[in-house]
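Only one structure is covered here, and it is reproduced in the block below.
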Ligand code: HAM
């Protein structure tokens, strides 16, 4: 009988990756909290209609990539392909839209998309994301971008930032019409996907990966040249704030994002160190989404970082804190070892050896677990309430009172 393997495109996170994964989530959470975000956790399984109405029926995610099924109660459900829709559902369900005010939430967890797996593209992957409700000021757009920058900077990840504005309900429809008119003159030369998109969501044609389509699109009208006065002034202001804060970016008027809920600001953070799947984070404004999902009209903006794509880039900062190894030199001292370890664990990572050993064996064990301070207790130490301590970095060794440890 052959062993059961994990499903294609789904990976265990273990060994060094699990270290990096938790290091990333802990420190990104800390940064989000400093920006005033609170943790939110929403269910992994939601009604399929939620994603159809938010991410959009014309998107590849909803069209081709959902893990969708009918559950035992005859409900049409699916594993979430992204985090925003569930957070917006929760915002409305808990009546925060009616209450007014501002909400800032961050989250992390698994997302599921039935894509063709390749390096950097999984079927189960993890996102670290954040959503803000009730702030229409473009300063919040800048704030979100700077928070992502802070997160990536913390982990020593270099990136470039692509920025676009997708307009609003005033300017986008006219732009779409102009684009469709422009495309109709060479429609037959565009790929099959583009032809489908002209019917369903024409702006998606702009980010077609097909080289022939891209060359045909060179003279297509640009959304950034067709924004209404309000979208244009917000976009200009956003650029000004980013310039003032020395955040570099490039304008990419073909950046349309693969989810249909965006309006105004859209952005992507890209790394050139991880291969073809280079987007490490993406997001933007979605001022109409709360209303689309049945809530009271509320401004929204957010982003998500793809954690797996970052893992190979995350550099763990050497933590200055000491790592302890505590062991007994005699069976009788084991209880005391336990007691001392419990005290030390309140402040430091501490390993215990449950079997009494000689000096040399303890030092080998300590090295194996990466400890830099070795604490040993034998019968002598037990009798006078002391411990033997050696700092492996400074090589200093001492016998000290337990209270002084
Ligand atoms: P997204 O661009 O679809 O946006 O995904 C965000 C990030 O998730 C991507 O930049 C990428 O790093 C990672 N990602 C996406 N698909 C995969 C995959 N198959 N395998 C590995 N990593 C992947 C969203 O999901 C929006 N909800 C972001 C957002 C939040 N917008 C507003 N609020």
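Glycine residues also receive a Cβ, built from the backbone N, Cα and C atoms like all the rest.
L-histidine binding, as stated in TrEMBL, involves 82, 83, 84, 127, 131, 257, 261, 262; the candidate among 113, 116, 197 given for that site is 113. Residue 84 (L-histidine binding site) carries a helical DSSP state (H, G or I). Cβ neighbour count within 10 Å across all protein chains ranks 84 highest among the binding-site residues 84, 127. Proximity of the binding-site residues 84, 127, 262 to ligand 1, judged by a Cβ distance under 6 angstroms to any of its atoms, singles out 84, 127 in sequence order.
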